[in-house]
Amino acid sequence: MTAVTPDTYYGPDFGALLDQDPEIAGLLVSELDRQRSGLQLIASENQTSPAVLAALGSTLSNKYAEGYAHARYYGGCAEVDKVEDLAVERAKALFGADHANVQPHSGASANIAVYGAFAKPGDTVLAMSLDHGGHLTHGFKVSFSGKWFDAVHYGVAEDTEDIDYDQVERLAKEHRPKIILAGGSAIPRLIDFERFRAIADEVGAIFWVDAAHFIGLVAGKAIPSPVPHADVVSFTTHKVLRGPRGGAIVCKEEHAKKIDRAVFPMMQGGPLMHGVAGKAVNFLECSTPQYQAYAQQVIDNAQVLAETLGEHGIRPITGGTDTHLSLHDLRGVGVTGVDAEGRCDAAGIVLNKNAIPFDPEKPNVASGIRVGSPSLTTQGMGTEEMRTVAKLIARAVTEGDTDPEHAVSREVRAEVGELMARFPAYPEPPAR
Ligand code: DSN
């Protein structure tokens, strides 16, 4: 384990934490150590910058700022008003949006606000089913969204494994939903926003895109944007986008008041101003040519990962990916998702089991894995390394074991270690 020193962790005044609470300080360091010692392939994770971490660890955490900039319910908000103004202006510029709300604490919170703005309990919402790649908050039965709204679900077509747009249109005409929602957590292909818009217009529905997974690629201009087509776009700021953990919403001007009122006071109290500052820092980072190069590399890397895993019999759903993630069917190699996840974990490779469309297994077993390239791309790996990573995943999945002491686990872990040494996550900062 890395020695605990003030310089080890990228937070302001780590020394104070170390003195006061060595137990928690030690856990922060051992988590950093974990992030540094394995391949992080969870498609929804990334490694945010030291600058964003500094904003998150700042005294902005102390400030109550209920309301919006220049219209707060507390005094002393002059400085945080400037922070929120910057975050909002940067978000609008980055996404070409009429309006931005940067206060949602998370993606789920942002989604609650969108429902709150446009629907009442009992209203019908048309969204992608979770087992075909949607999300819990898109009407899954045990989520608030499935309990409070009448959720109707579309899925993917059996032959293409991509969104069945004809089904979306058929269900929209049949159920006349208040909202049509596009997006999800395991969709490897680009979404046809024009087609969704046309369907929503035909039935008079609000068109909402939950862009949490891919908004970072949109910010980097690597894939088309939903913003010109959708009434409202919700997203998280910590996935490909690489900002702080949090949520945000952009929308058309006509919906701005509704969205703001739904975030506060309907859904949240005071915003997390340190998080808002982190979002502002991130939006500025995303406006650079370096970020655009990263976004394109994320896609190039994901495509090579998907293709090479396919060459090892681990078939990519839809035949590949246009984005940062691929979903793989393990039935060809006779391994379940839960076993694959465990075998990879034992070999120093962190990824998640995932249901695949029409999965015969239960979700906690699953027939697939989901693989994402953002973290490794942030570490500077390119397509050559992705071929190596895919081979290591394939070896761990097909020959490995959930026992970290198994020979294959040890061998793969040693190769992972070499790769991580060449492309470290959070390299040691230069001595000051
Ligand atoms: N849990 C996130 C994911 O992994 O996709 C979505 O909320």
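Cβ from N, Cα, C; glycine included.
Feature annotation from TrEMBL assigns domain 'Serine hydroxymethyltransferase-like' to 19-393. Each residue in the domain 'Serine hydroxymethyltransferase-like' (19-393) has a pLDDT score, and their mean in this model is 98.
According to DSSP, E253 ((6S)-5,6,7,8-tetrahydrofolate binding site) is assigned to a helical segment. Annotation source TrEMBL lists (6S)-5,6,7,8-tetrahydrofolate binding site at L130, G134, H135, L136, E253.
Annotated site 'Plays an important role in substrate specificity' per TrEMBL: H238, in sequence order. Around the Cβ of H238 (site 'Plays an important role in substrate specificity'), 25 further Cβ atoms fall within 10 Å across all displayed protein chains.
For K239 (N6-(pyridoxal phosphate)lysine), other Cβ atoms within 10 Å of its Cβ number 27. The annotation N6-(pyridoxal phosphate)lysine is assigned in TrEMBL to K239.
Look at L130 ((6S)-5,6,7,8-tetrahydrofolate binding site): DSSP puts it in a helix. The full span of the recorded (6S)-5,6,7,8-tetrahydrofolate binding residues, L130, G134, H135, L136, E253, taken as their largest Cα to Cα distance, is 30 Å.
Other Cβ atoms within 10 Å of the Cβ of G134 ((6S)-5,6,7,8-tetrahydrofolate binding site) number 25 in total over all chains. Residues near L130 ((6S)-5,6,7,8-tetrahydrofolate binding site) in space but far in sequence (CB under 8 A, at least 6 apart, same chain), listed by position: L136, H138, F140, G184, A355. Within the same chain, the residues at least 6 positions away from H135 ((6S)-5,6,7,8-tetrahydrofolate binding site) whose Cβ sits under 8 Å from its Cβ are N111, M128, G183, G184, S185, D210, A212, listed in sequence order.
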